[in-house]
Structure formats: C-alpha cells, structure tokens
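**Q** Dumping what Swiss-Prot says about this protein:
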type	residues	note
BINDING	His130, Tyr134	heme binding site
REGION	133-160	region 'Disordered'
TOPO_DOM	1-8	topological domain 'Cytoplasmic'
TOPO_DOM	30-160	topological domain 'Periplasmic'
TRANSMEM	9-29	transmembrane segment
Amino acid sequence: MNPRRKNRLILVMLVLVGLGLATALVMYALRSNIDLFYTPSEMVNGKGEQQLKPEPGQRLRVGGMVMPGSVKRDPNTLRVAFKLYDASGVISVSYDGILPDLFREGQGVVAQGVLQDATHVIAKEVLAKHDEKYTPPEIEDAMKKDHPAQAVGDNSVRPS
C-alpha cells in the first residue's frame, strides 16, 4: 500500500472512531434527561404489552388524581406526602416544596421525580391540572379511560 493511501485510511479510521465516541458520549449524557410518563396503574401492573415496570432510581413522571384524605403535611417543614390513584392503581408521593395553588384532593396532578421503590415516588416537581386544553394527550387518554365523567368536565355525574 502506498503511503498516501495509508495516511488517508488512518485519517478515515480516526474520524470514524471520533464520531463513534462523540455519539456514545451524547447518548450517555441524554440518557439521564429522559423522563417516562406513567399512570398509577402502569406503575403497579406494568406498561405496554410486555408489562414493563419502572425500576427504583429511575426518573419518571406520574399522573393521576390526588386521593381524598391522603394529603399529609409536616407542620415544621414544607414536606408533603399524598397518594395518586386511577382506576386500578395507587402510589404514594413525597414532595418537599411549595405545592401549586390549584393542588387539592380529587384534583389531577403530575409529579416528576425519582422512583424510590415500586409504589413510592420522591417528587422534585408537582404540577396541578388546571384546564383540559392544557393536558398532555397521554394524561387525557388515561383520565378519560379511568374517570370518563371527570375527564370531559361533566360535573352532573359524580361517582359515589
């Protein structure tokens, strides 16, 4: 092989290795920024056809209704614990911070944080649902399936 071809081959190989390394580093960095959305049912029963459940330590978002009577506030700190539910699942959430003004029992919320164990999330952010037109599609679909009267805003029908 003549020296010119050899140098060109080495240069091409170095560029390919560099691109591969850069791609691997970018993918590794972005991996920690992925937040998957779950409902309480999906956390308890699994998500999708393969019934995949989130693993402890995984970052996620969970959306559901705040269970009436479940909100517990620490009088000395901003720590709040509450439960989220839907048709077939209940999970507990701990949050240390100021809750949104619209947060209340029976209200739809989305908690973003880290899964501590199978049914407990330590939230870093809590968002309260305030209007149907601002609801993410996956939450709207889950709420229509689990709570049809509440999801479409029909206040005349209340579950007993």
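Glycine residues also receive a Cβ, built from the backbone N, Cα and C atoms like all the rest.
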**Q** State the residues, same chain only, that lie 6 or more residues beyond the ends of the topological domain 'Cytoplasmic' (1-8) and have a CB under 8 A from a CB inside it; answer 'none' if no residue qualifies.
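**A** For the topological domain 'Cytoplasmic' (1-8), the list is empty: none.
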**Q** Can you give me the average pLDDT across the topological domain 'Cytoplasmic' (1-8), rounded to a whole number?
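**A** Within the topological domain 'Cytoplasmic' (1-8), the model's average pLDDT equals 89.
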**Q** Please count the residues of the topological domain 'Cytoplasmic' (1-8) that DSSP assigns to helix (H, G, I), strand (E, B) and coil.
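**A** Going through the topological domain 'Cytoplasmic' (1-8) residue by residue, I get 6 helix, 0 strand, 2 coil.
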